[in-house]
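Undergrad: Among the features that TrEMBL reports, domain 'Major facilitator superfamily (MFS) profile' is placed at 1-207. Feature annotation from TrEMBL assigns transmembrane segment to 45-70, 77-97, 103-125, 137-158, 170-189.
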Amino acid sequence: GIGGAFQYGLQVSIINSPAEYIKSFIRETWLKRYGSSPTEELITLMWSFVVSIYSIGGLLGSLSAGYLSVRFGRKKAMLFTNIPALLSAALMGLSRLCGSFEMIIAGRIFSGVCGGLGLNIHLMYAGECAPRKLRGLIAITASTAIAIGKFVGFALGLREVLGVDARWPILMAANALPALIQLLTLPFFPDSPRYLLIDKKDKEGCI
């Protein structure tokens, strides 16, 4: 779940604490570029884009999940979800250094794609790999991972951790860590028996 539903929970909660810092960053960047201070309405509009564009990415990810999981298998599709996660972390983490609030918006789209893919493929992969007796218990791992992700996001956003003006880009790039952990560990996992039997026609591999 660390590269699946966890990423969704983390990204939903992580955006709350740096709100004022990101608004200030947008204001400063706009002033440097255009020589005039943006209106509060414009700042609010840009912030709305930063928050809500995640849902557009989530929709794109969700729509792609079915195709990717059939075309490449559940495990490879789960590994693929880490690509948009790392892209989003790089864009948001470097946004302040590059002086571009547009990078935060782009990063949020990619993190949404990661969340949409991970949430759907996690359920599919875990459910198909689980023994019949444990299938219900394993299905709950998705909601558990979301809850843990939200908790970690809120914890990282505390002022004592990363919720300060100097460290908000690191906070926004925090989703790179679970992505890297999954990239290192998931290749050792088996593929889904259902995928091996139905899509790959590999009866021996399924057994």
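The chain as shown is numbered from 1 upward.
Glycine residues also receive a Cβ, built from the backbone N, Cα and C atoms like all the rest.
On this model, are these features tucked inside or out on the surface, and what's nearby?
TA: Sequence-distant neighbours of the transmembrane segment (45-70) (same chain, 6+ residues past either end, Cβ-Cβ under 8 Å): 8, 11-12, 15, 19, 22-23, 26, 38, 77, 80-81, 84, 101, 104-105, 108-121, 124-125, 195, 199.
Long-range contacts of the transmembrane segment (103-125) within the same chain: residues 1, 3-8, 11-12, 15, 22, 49-51, 53-66, 68-69, 74-75, 77-78, 80-82, 84-85, 87-92, 94-95, 139, 141-142, 145-146, 172, 175, 179, 192, each at least 6 residues beyond the stretch ends and with a Cβ under 8 Å from a Cβ of the stretch.
Through the fold, the transmembrane segment (137-158) approaches residues 1-2, 4-14, 16-18, 119, 122-123, 126-127, 129-130, 171, 174 of its own chain, all at least 6 residues removed from its boundaries and within a Cβ separation under 8 Å.
Distant neighbours of the transmembrane segment (170-189): 2-3, 6-7, 10-11, 14, 17-18, 75, 78-79, 81-82, 85-86, 88-90, 92-93, 95, 104, 107, 111, 114, 153, 156-157, 162-163; these residues of the same chain sit at least 6 beyond its ends, with a Cβ under 8 Å from one of its Cβ atoms.
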